[in-house]
Structure formats: structure tokens, C-alpha cells
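J.: This is the structure, below, for whatever I ask next.
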């Protein structure tokens, strides 16, 4: 008699993955009103971002960690940030600043994921063998990583909210906002600091991942007869 396969819950219906679908839906609604209602957009976008921590907690709590869930999580994060950066590039000048940030974000994370598969690691956050102390600190300390990630999103949301014209000079708006002594200026300063660290991490991540790819090519050539 053939051995019956155990009944298992479809990976697509894992609780953390359902949370991921909700994040996608929230982002779709948010970006549909990003120009007509910036306050609603900010609330929906930030709530979706906060749910990023919820799906990770659910995955560990219910033992529903999956490769699909990890990919869905990263793709949702990258696409959400990319869309917001594109919007900011239409509001602020020079727009190349935000397009460059978009390129760095996508390139660094894509290379990191690809190098993870090449090295046989199970997670792109496994950087114990990295020579960069800042890189190890970032992925080894959840609080520090959370601060940097939240800072990026908060900074981008603030920039969207304080823009009053269709085209703004980025430096003028940032300097003017920082000069005003207020809770907003303090939040902006804290966000800029965390954002700066995150961009440094992205550069280190891209270089480290590129080194892994190059090393893989060298080792493959040496194995050839």
C-alpha cells in the first residue's frame, strides 16, 4: 500500500504570508492616494511597514518560516521603498538623488540575495564571516537594524509631507526644516542619521556580495580540468 502523504497547510496560506499579502494590499491603496491625500498615504504606508515585523514574528511563533515568505517579504520592502523614492524624485530636485538611492537599494539587496545562494547560506542576514564590524553589527543587532530601517522610511515620509510645491529644492527644504526648533526637526535629524548609516551599509553590502560572486568565479575556474 502506497504511503499516504501527510496533510500540510499550503505555504501560500501560512499566516506570515497572509500578513505579507495584506502589506501588498495596503501599499496599493496607499499609493493610489499618495498625491491626493498625503496624510492617509503616510499612515497606510507606515502601517504596512510596521507589519514587516509582524510577519516575521508570526513565522517564528507558528513555525511557518518559508523561502517564499522570505522572498515575498523582501520584494514587498524593496518595491514599496522604490515606489516612494520615485514619487519623491518627481517632487524634489535634483531628482537624481532619489533615483540613485533607488538603484543602490535594489542593487545591494539583489547582490546580497544572489551571493547568499552562491555561498550556500540559508539567510542573507548571515554575515558572521564579514570583515566589516558595522555590517556585522547591523545584521547582528535587531534594534540597530530596526532603527536604521525605520529612519529611512520615516525620512522619506517626512520629505513627502513637508513638500508644499510640485517641485522643491531638496537641500533648501531639509536645511529650513532642521533650523526650526521643533519635534519635527528633531525627528528629521534622528532619521537622517539612521538613514546615513543605512546607505553606508548598502554600499558595504554591495561590495561584500560582489566579492563573494567574484570568489565563486575564481574557485569555479580552478576546479576546471
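Backbone N, Cα and C atoms are what each Cβ position is placed from, and that goes for glycine too.
Note that the structure is predicted; figures quoted are calculated from it, not measured.
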J.: Which residue range, 84-104, 105-125, is the one Swiss-Prot calls transmembrane segment?
T.: 84-104
J.: Can you say which of 58-78, 184-204 is given as transmembrane segment in Swiss-Prot?
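T.: Going through 58-78, 184-204 one by one, Swiss-Prot flags 184-204 as transmembrane segment.
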J.: Hey, for the Mg(2+) 2 site built from 52, 73, 77, who else sits with CB inside 8 A of the CB center?
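T.: My list of surrounding residues reads 20, 23, 49, 55, 56, 74, 76.
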J.: Using the alpha carbons only, what distance in Å do you get between residue 52 (Mg(2+) 1 binding site) and residue 66 (CDP-1,2-diacyl-sn-glycerol binding site) once rounded?
T.: 15
J.: Between the transmembrane segment (143-163) and the transmembrane segment (6-26), are there at least three Cβ pairs closer than 8 Å, leaving out pairs fewer than 6 positions apart?
T.: no
J.: Would you list the other residues of this chain near CDP-1,2-diacyl-sn-glycerol - those whose C-beta lies within 8 angstroms of the C-beta centroid of 56, 60, 66 - in sequence order?
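T.: Nearby residues not in the site list: 16, 55, 57, 58, 59, 64, 65, 69, 70.
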J.: Using a Cβ cut-off under 8 Å, which residues of the same chain at least 6 positions beyond either end of the transmembrane segment (6-26) come close to it?
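T.: Answer is 44-45, 47-48, 51-52, 54-56, 58-59, 62, 64-66, 68-69, 72-73, 76, 80.
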J.: Look up residue 56 (CDP-1,2-diacyl-sn-glycerol binding site) in the DSSP assignment and reduce it to helix, strand or coil.
T.: helix
